[in-house]
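Notes to accompany the following structure.
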Amino acid sequence: HCLHWPQNLCLSKVHGIHHLCVVPPGCPWLWDNLTCWQPARVGEVVVVSCPELFIQFMSEEDDGKVSRNCTEDGWSETFPHYVDACMFDEPNTTHEHPDMYYVSVKALYTVGYSTSLVSLCTAMVILCRFRKLHCTRNFIHMNLFVSFILRAISVFIKDGVLYAEEDSNHCFLHTVECKVVMVFFHYCVLSNYFWLFIEGLYLFTLLVETFFPERRYFYWYTIIGWGTPTICVVIWAVLRLHFDDIGCWDMNDNAGIWWVIKGPVLASIMINFVLFIGIIIILVQKLQSPDIGGNESSIYLRLARSTLLLIPLFGIHYTVFAFSPEDVSKRERLVFELGLGSFQGFVVAVLYCFLNGEVQSEIKRKWRSWTVNRYFAVDLKHRHPSLASSGVNGGTQLSILSKSSSQIRMSSLQAESPAT
């Protein structure tokens with residue numbers, strides 16, 4: 001553990017039990033903004049691997065090491081320097097500073113999640129406001145929107161806790177609040193993947209089954225979407241607490257424990273990809289049916305449009321790096337999954353709310369209704385100022401106006417009847 005103790009004390013963990021031990025005079029714990037250096041005796045040389053920050057800048061064969069010597073005056077400088085040991089140098093090439101790379105990725109996904117958060121909140125207000133849009137399909141969309149919203153919020157909270165100060169000492173970052181934030185973050189991410197899976201499962205079931213009890217299925221969808229991530233995250237937190245209680249739980253060095261989170265994510269991505277292929281096959285069969293009009297080009301155009309609409313809804317883009325090792329193409333993975341993936345919520349909100357025909361027609365209908373009511377209210381105010389000043393509301397005025405107009409029509413008909 002990289003914990004803050006007096007210079008001659010340390011905390012060790014054996015079989016899950018913490019023990020306080022005495023360290024001979026020497027060099028204390030040191031955080032140099034890149035690596036946490038453990039205490040050492042005078043004359044001892046401490047060797048560590050290159051920080052994760054530099055992994056994508058190293059060759060696959062290179063196993064970079066840096067060291068410090070503990071002297072009577074304290075820690076020496078690193079030898080070799082981080083840049084010399086951890087940066088793979090190619091002829092006639094220049095490397096951008098790794099800090100700038102991470103800052104650029106962070107700026108990209110901050111913009112993406114902010115855009116997604118605003119658009120998803122707006123979409124949620126629209127779907128909740130109009131009763132005619134309340135159906136099983138839109139309820140599933142709404143749960144997916146909520147999972148995207150929670151994912152964006154959890155990312156901002158995690159960044160605020162872990163990276164609030166650039167010079168924060170990560171050796172001593174091990175508070176309970178920090179670990180709770182990481183548990184919440186993993187729950188939100190896992191829930192988002194599961195609701196993407198439910199979107200695919202719902203659409204596939206809708207196409208395959210003739211009689212589909214949507215309300216009963218929605219109950220199980222809710223349990224799978226929110227309940228299964230809860231179980232996985234609780235198991236992961238318990239395992240981390242007992243077997244890998246190091247730091248803020250933001251590093252996943254124990255692969256076995258990490259698979260409690262990674263396994264369900266990969267399973268949902270793989271199943272969704274299979275469902276996606278199955279749905280495309282069904283769409284091809286339906287579009288080629290004689291009942292569907294149009295020439296061959298229009299059929300392929302419909303198929304391409306349907307496929308593009310399903311990709312963000314199913315999260316198919318996650319399959320690009322889903323089954324590759326995490327240390328392979330890490331630079332591209334970060335840009336693709338964090339940078340571009342942060343805009344997925346925005347794309348889903350636009351395609352399945354703002355551009356949805358039912359949503360647009362309902363908004364237009366409400367707008368026309370509001371415009372007409374406002375017109376009659378303003379017109380009645382000018383024509384009958386006594387009614388407007390007497391405290392009668394707009395709805396009452398319209399009812400009075402409709403009743404008076406019907407009475408006028410009836411009297412005119414009675415007046416015309418003898419003449420005929």
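Including glycine, each Cβ sits where the backbone N, Cα and C put it.
On a predicted model such as this, the values are computed, not experimentally measured, just so you know.
Looking at 2-22, 107-127, the range annotated in TrEMBL as transmembrane segment turns out to be 107-127. Mean per-residue pLDDT, taken over the domain 'G-protein coupled receptors family 2 profile 2' (105-356), amounts to 85. A contact between the transmembrane segment (303-323) and the transmembrane segment (193-212) is present, since 3 or more of their C-beta pairs, 6 or more residues apart, lie under 8 Å. Sequence-remote contacts of a segment are chain residues at least 6 beyond its ends whose Cβ falls under 8 Å from one of its Cβ atoms, and for the transmembrane segment (259-283) they are 186, 189-190, 193-194, 196-197, 200-201, 203-204, 207-208, 228-229, 232-233, 235-236, 239, 303, 306-307, 310-311, 314-316, 318-319, 322-323.
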